[in-house]
Structures are given as C-alpha cells and as structure tokens.
Amino acid sequence: MKGSRIELGDVTPHNIKQLKRLNQVIFPVSYNDKFYKDVLEVGELAKLAYFNDIAVGAVCCRVDHSQNQKRLYIMTLGCLAPYRRLGIGTKMLNHVLNICEKDGTFDNIYLHVQISNESAIDFYRKFGFEIIETKKNYYKRIEPADAHVLQKNLKISSPGQNADVQKSEN
C-alpha cells in the first residue's frame with residue numbers, strides 16, 4: 001500500500017465552502033461571514049489540509065498588533081476526528097511556525113483553547129506553547145465557557161521586556 005499523503009492547499013473562493021463545512025463539524029462555535037471573507041485575504045496564513053486528496057482539516061490565522069507586539073493569532077486549527085493523530089495538525093502548525101520564522105518579526109503566536117480540550121492543550125504544549133491566562137466566559141453558548149490563552153514566544157526577550165505579562169499556572 002502506498003504511503004498516505006498529507007498536503008496543504010490554499011483557501012480560495014472555489015473551496016471556501018469546504019472550509020465552512022469542516023469548521024462546522026470540527027468546532028463547537030460557529031464563524032460568521034466576515035471570518036470567511038477575512039480568511040480569503042490572509043494568503044499563506046490559511047490552509048486546507050488534505051489527506052490522500054480529501055479535505056480533512058484547516059488552519060486559519062491572522063496578524064494581530066496588540067500589547068505593542070506583532071503577534072500571530074491562530075483563529076482555528078482543526079482536523080476531522082477520524083483523521084486525528086496522523087500528523088495533520090503537526091503539519092499545519094509547522095507551516096504556521098515556519099511562516100513566523102521566515103518573517104522574523106513576530107514576537108509570539110497565540111490562540112484560545114476551551115479549558116476542557118486537554119488533547120489540544122497537550123498538542124500545543126509539545127510545540128512550546130504555554131498557558132499564559134484563562135479567560136472567563138470567553139465562549140458563548142458552549143460549556144465550559146472558559147478558555148485558556150496559549151502562547152509561544154518567538155523572540156528572545158531582553159530582561160525587563162514582557163515583565164507585565166502575568167504567567168498563571170493551572
């Protein structure tokens with residue numbers, strides 16, 4: 001049997017419906033039309049993941065200038081349940097990390113994860129992400145509503161820089 005192929009492809013107006021469908025199945029939250037309109041504008045920061053030519057997952061990010069930093073925000077990164085633990089999430093996250101590395105100007109990369117999603121938390125921790133805070137009632141209409149903010153620092157900060165970021169251990 002031939003080895004399985006995992007490939008990443010661009011999100012385009014022709015396949016945006018596939019992305020919508022994947023997100024509806026994978027995530028307990030729904031995304032509005034503006035989300036999908038914005039995704040079409042971010043180029044390499046949004047990718048569909050294919051397993052043997054079947055769209056099974058996606059990653060969508062955006063550049064965020066907050067806290068006087070240039071940050072990459074992972075809006076969504078997910079894969080259909082039957083295709084998990086095959087390296088698809090790793091391929092998507094590595095794609096995003098490589099973009100940040102090549103760019104060289106990002107301070108950090110961050111995302112929100114539902115506090116009950118232990119497999120996602122473990123996944124991101126393997127890549128050097130840390131829980132930096134927990135936001136109460138972050139999600140609407142899903143339980144638990146709280147979200148961890150996971151962050152991976154990309155720049156070696158000089159002493160004193162980022163001293164205002166509170167680390168919370170959970």
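Glycine too: its Cβ is placed from the backbone N, Cα and C atoms.
Lifted from Swiss-Prot, the feature list:
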{"type": "DOMAIN", "residues": "6-155", "note": "domain 'N-acetyltransferase'"}
{"type": "BINDING", "residues": "Tyr31, Met75", "note": "substrate binding site"}
{"type": "ACT_SITE", "residues": "Tyr73", "note": "active site"}
{"type": "BINDING", "residues": "Leu77, Gly78, Cys79, Leu80, Ala81, Pro82, Tyr83, Arg84, Arg85, Leu86, Gly87, Ile88, Gly89, Thr90", "note": "acetyl-CoA binding site"}
{"type": "BINDING", "residues": "79-90, 117-126", "note": "CoA binding site"}
{"type": "ACT_SITE", "residues": "His112", "note": "active site"}
{"type": "REGION", "residues": "138-141", "note": "region 'Substrate'"}
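Here the domain 'N-acetyltransferase' (6-155) has a mean pLDDT of 97 out of 100. Beyond its flanks by at least six residues, the region 'Substrate' (138-141) meets 28-29, 112, 114, 147 of its own chain at Cβ-Cβ distances under 8 Å. Between the recorded positions Arg85, His112, Lys126, the minimum number of other C-beta atoms within 10 Å of a residue's C-beta occurs at Lys126. Within 10 Å (C-alpha to C-alpha) of His112 (active site) lie the following binding-site residues from Met75, Tyr83, Gly87: Met75. For Pro82 (CoA binding site), the nearest of the recorded positions Tyr31, Tyr73, Met75, Gly89 in terms of C-alpha separation is Gly89. Helix, strand and coil counts under DSSP for the domain 'N-acetyltransferase' (6-155) come to 49 helix, 55 strand, 46 coil.
Between the CA atoms of Tyr73 (active site) and Tyr31 (substrate binding site) there is a gap of 15 Å. Taking only the Cα positions, the spacing between Leu77 (acetyl-CoA binding site) and Ala120 (CoA binding site) is 10 angstrom. For the pair formed by Asn117 (CoA binding site) and Tyr31 (substrate binding site), distance between Cα atoms is given as 19 Å, rounded to the nearest Å.
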